[in-house]
Amino acid sequence: MKVTIVGAGNVGATCADVISYRGIASEVVLLDIKEGFAEGKAMDIMQCATNTGFNTKVSGVTNDYSKTANSDVVVITSGIPRKPGMTREELIGINAGIVKSVAENVLKYSPNTIVVVVSNPMDTMTYLTLKATGLPKNRIIGMGGALDSSRFRYYLSKALDKPSNDVSAMVIGGHGDTTMIPLTRLASYNGIPVSEFLSQEALDKVAADTMVGGATLTGLLGTSAWYAPGASVAYLVDSILNDQKKMIACSVFLEGEYGQNDICLGVPCIIGKNGIEEILSINLDEKEKALLAKSADAVRNMNADLKSVLA
Ligand SMILES: NC(=O)C1=CN([C@@H]2O[C@H](COP(=O)(O)OP(=O)(O)OC[C@H]3O[C@@H](n4cnc5c(N)ncnc54)[C@H](O)[C@@H]3O)[C@@H](O)[C@H]2O)C=CC1
Ligand SMILES: O=C([O-])CC(=O)C(=O)O
């Protein structure tokens, strides 16, 4: 199975590294616009093969889309990341043009591919990819919920002082500092509601920390995070390529689900060889419904800025 990752920067290269290390795909092509950069990242990753014991073939190319031909999955991470103090939404001006041209280029050589959109503002970039390419909705997946949910589980595990892998929890809504919705009511520690162990005050703090999880890392690192984002993309790609049917919160085009239309927003999905195989409709309480509607309004406002790019 072949995966192309466009953008060989922090997130793209980390994703290539995790995919090869875990043997998720037989071939990974890294593509970047910066001369020699993807080639260098690919060579560095390939030189891990003997010491970590993988057989994936990783190659890098400078803007040569012919080398990406017949990819099963294409991941788009090209674009700029935010700096401390910025929101993801502020990246739209530069990233929209990049994402649109990249999506068009990859489809020329891989017309049947599934596209995973990572560049920010991710929900709007996913919507843009869908509108610009006209691909069916099951083949355009926005990655944000996998990452936000893993951060939610991290903060819950810290509050519980128990291992992250014993915690189950999901974040839905937009992938933004104010638009994501950690579903605290449904989070559990080995099947027991976390509210059995944590006060409402502690749970509120976990939710607030999760929402600004990306901003916190950006403040610490000077640019946005890459290890967990790269691993989250690889987790999603694994579920597609190996038809694992995992339930993952993904940004997907909604047509009536959760009362929303003409928008890409994070909701629980079943991910398999056909991409988005099912959108799960879970019962939200009134407060969660209101938060989702508010989140959708904010993402829709952002999408309105795409008019000139889509014209
Ligand atoms: N959805 C999510 O959960 C996450 C999204 N992101 C987003 O992912 C994007 C990438 O982040 P990083 O890897 O940290 O940035 P980075 O700056 O390290 O890498 C981006 C790469 O894209 C390349 N690039 C720019 N224009 C291109 C084009 N037209 N064609 C091919 N390559 C091009 C650049 O040369 C650079 O190497 C950002 O927009 C960031 O906000 C980052 C983390 C998580
Ligand atoms: O915070 C950012 O800008 C990058 C991102 O989406 C994340 O790490 O969640």
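Cβ atoms are placed via backbone N, Cα and C, with glycine included.
Taken from TrEMBL, the feature domain 'Lactate/malate dehydrogenase N-terminal' covers 1-142. The average pLDDT computed over the domain 'Lactate/malate dehydrogenase N-terminal' (1-142) stands at 98.
Residues or ranges marked as NAD(+) binding site by TrEMBL: G7, A8, G9, N10, V11, G12, D32, N95, V118, S119, N120. A coil conformation is recorded for N120 (NAD(+) binding site) in the three-state DSSP classification, outside any helix or strand. The Cβ of N120 (NAD(+) binding site) has 27 other Cβ atoms within 10 Å, all protein chains considered.
The substrate binding site annotation in TrEMBL covers R82, R88, N120, R151. With a 10 A radius on its CB, R88 (substrate binding site) counts 27 other CB atoms from all the protein chains.
The domain 'Lactate/malate dehydrogenase C-terminal' annotation in TrEMBL covers 147-301.
For H175, the entry in TrEMBL reads active site, proton acceptor. According to DSSP, H175 (active site, proton acceptor) is assigned to coil rather than to any helix or strand. Sequence-distant neighbours of H175 (active site, proton acceptor) (same chain, six or more apart, CB under 8 Å from its CB) are R88, N120, P121, M122, D123, G142, G144, G145, L147, D148, S251, G266, listed in sequence order.
Least packed by the Cβ count within 10 Å, out of the binding-site residues G7, G9, is G9. The two recorded residues, D32 (NAD(+) binding site) and R82 (substrate binding site), have Cα atoms 19 Å apart. According to DSSP, the secondary structure content of the domain 'Lactate/malate dehydrogenase N-terminal' (1-142) in residues is 67 helix, 28 strand, 47 coil. Largest Cα to Cα distance within the recorded substrate binders R82, R88, N120, R151: about 18 Å as a whole number. Taking only the Cα positions, the spacing between G9 (NAD(+) binding site) and R82 (substrate binding site) is 13 angstrom. A gap of 16 Å separates the Cα atoms of R151 (substrate binding site) and V11 (NAD(+) binding site).
Summarising the NAD(+) site geometry, the residues cited as binding it (G7, A8, G9, N10, V11, G12, D32, N95, V118, S119, N120) extend over a maximum Cα to Cα distance of 17 Å.
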